[in-house]
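Asks: Taken from TrEMBL, the feature domain 'SAM-dependent MTase RsmB/NOP-type' applies to 106-397. For Cys195, Ala196, Ala197, Pro198, Gly199, Gly200, Lys201, Asp218, Asp251, Asp269, the entry in TrEMBL reads S-adenosyl-L-methionine binding site. Per TrEMBL, the feature active site, nucleophile maps to Cys324.
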Amino acid sequence: MAALMDTRILLRKIKDLRCLTPRRNRVKAKWAGSQPKYPATNLALQNFDATYSLQLGEQWPSVRVSMLCEQKYGALVNNFSTTEGVIADLQSQGCRDFVCQPVGVGALERLHAPGFPLHDNPSTLESVGVIQDLAPPRLRTNIKCFVFPGGDISRFKPSRPDLYGMLGYYLMDAASILPALALDVQEGHSVLDVCAAPGGKTLALLQTQAIRFLCVNDISVSRTYRLQRVLNSYVPKELLTEERMRITSFDGRKWGEIERDTFDRVLVDVPCTTDRHSVMEDENNIFKRARTKERQRLPQLQTELLLAGIEAVRPGGQVLYSTCSLSQLQNEYVVERAMHLAREEHGISLQVVDLRPITRLFKDTFHFAPDPHLGQLVLPHLTANFGPIYMCKLQRLS
C-alpha cells in the first residue's frame, strides 16, 4: 500500500509524462493545423467594434452584448397542417402571436387617427422620395408567428408532423417575418424570391395563401436542395406544381434579362455578412481570411441583385430589399446606389415606401433603430433578442 501511495505522489509531481511514453506512440501537437491563430469570430467582432461603434454610437454596447447572447426565435405556424392543436400548445407555453396581437389596447386606434405623427422630421424622408402612407399597413393575418414574452429565453420544442406528414411550425428569427409582412402580398399576385434559401421567408409568403404564382431561386444548388426539403416538409404536393411554383438555381443578378417587367412583388433577401452568425460561429464564416475578397465584394453583389429585382418587377409593383446585417454599406448605401443605377442606366423611376407604420405596430415585440435614413432596422436587444434585420421597400413607378 505504501508503494502504491508513493507511485501516485510521484506521478502527480511529474508534469510531462512524454518521457514515459514509447517514442513510436508519441504524437506532436499540430496546433496551427487544428485551430486558426485568429478565429473568424474574433476578426468579425474586431471589425464590428471599429465600424458599428461609430454608426450606432451609444447603442452599440447593448447591441454587441445581445448579439453575443442566445438568439430568440419565433414559431411560424404552418397553415397547411392541422393548426388547432399546434396553436393551443404554443399558447399553453405562454407564447403569443405577435402578428395578430401586435400592440396594447388603443394602439391600433392611434394608427388610424388622422394626423398621427410618424416622424419628428419628415423632410429627411421627403428628400429621397418616400411615399408617406399614414394608413396602417394591410397585414395578411394568415401569417401567424408565436414568440415568448420579452425577456423570456425559453426554447421551442421541435415541431412534429401531423397525420399527413406536414410539420406544425417552422422555427426562425421572428424578425425575418417582417419582410414578408411588409411586402404586402395581395390576392392573385405573382411573386419572385431572388435569394430564397434556406426557405423561411418563402414559407412565410406561402402562408398568406394569396399568391397566384411563386418563383423561388437561389444560385447555390446545395441550398436549393435544402429549400426543396423545407417546402416538402411544410407544403402539400399539389401546391408545388409547375403551375403554382417554380424552383430554380439561376444567377439572380441576371433575372432582369430572364423575366423583365413580370412580377407584382419581388423579395431580394441578399447574401450579407450575417452579423450574428459571424460573431458566434467559425463554420462558414465570411470573416475567414480566405474569404476576404468575397466579403469586400458583397456591396457590389447586393447592388446587382437588387437592380435585377427592380428590373423583374412590373411598373407599379414593389420590391423589398433585406439583409441580416447592421452595416450601412450593405443596407442604405446599396439601396441608394441601385436606385441611381436604375434611373440612369435603365430609365426606371422608384420611390421608397415608408415602413414606419410597421415599426409602430410591432414596437412592443422588436427593438427598432431610431430615425434610420432609409428603410427600417431591427436591433438585437437583451429583452427582445431578434435580428439584426434591415428592410427597405421600393415601388416602381409607372
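Cβ coordinates come from backbone N, Cα and C, glycine included.
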Asks: Measuring Cα to Cα, how many angstrom lie between Cys324 (active site, nucleophile) and Asp251 (S-adenosyl-L-methionine binding site)?
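Replies: So the Cα of Asp251 (S-adenosyl-L-methionine binding site) lies 21 Å away from that of Cys324 (active site, nucleophile).
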Asks: Does anything in the same chain, at least 6 positions from Gly199 (S-adenosyl-L-methionine binding site), have a Cβ under 8 Å from its Cβ, and if so what?
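Replies: Val216, Arg226, Leu227, Val230, Leu231 - these are the non-local Cβ neighbours of Gly199 (S-adenosyl-L-methionine binding site), listed in sequence order.
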Asks: Across the record's S-adenosyl-L-methionine-binding residues Cys195, Ala196, Ala197, Pro198, Gly199, Gly200, Lys201, Asp218, Asp251, Asp269, the largest CA-CA distance in angstrom?
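Replies: Spelled out: the longest distance between any two Cα atoms in Cys195, Ala196, Ala197, Pro198, Gly199, Gly200, Lys201, Asp218, Asp251, Asp269 is 20 Å.
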Asks: Restricting to the chain of Cys195 (S-adenosyl-L-methionine binding site) and a gap of 6 or more, list residues whose Cβ falls under 8 Å of its Cβ, or answer none.
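Replies: Those within reach of Cys195 (S-adenosyl-L-methionine binding site), by Cβ under 8 Å and sequence separation of 6 or more, are Asn217, Asp218, Ile219, Gly252, Val268, Asp269, Val270, Pro271, Leu305.
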Asks: Could you give the mean pLDDT over the domain 'SAM-dependent MTase RsmB/NOP-type' (106-397), rounded to a whole number?
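Replies: That region's mean pLDDT is 89.
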Asks: Near the Cβ of Asp251 (S-adenosyl-L-methionine binding site), how many other Cβ atoms are there if near means within 10 Å?
Replies: 13
Asks: So what sits near Ala197 (S-adenosyl-L-methionine binding site) in its own chain, CB-to-CB under 8 Å and at least six residues off in sequence?
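Replies: Asp218, Ser220, Arg223, Thr224, Arg226, Leu227 - these are the non-local Cβ neighbours of Ala197 (S-adenosyl-L-methionine binding site), listed in sequence order.
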Asks: Relative to the Cβ position of Lys201 (S-adenosyl-L-methionine binding site), how many further Cβ atoms are located within 10 Å?
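Replies: Other Cβ atoms within 10 Å of Lys201 (S-adenosyl-L-methionine binding site): 24.
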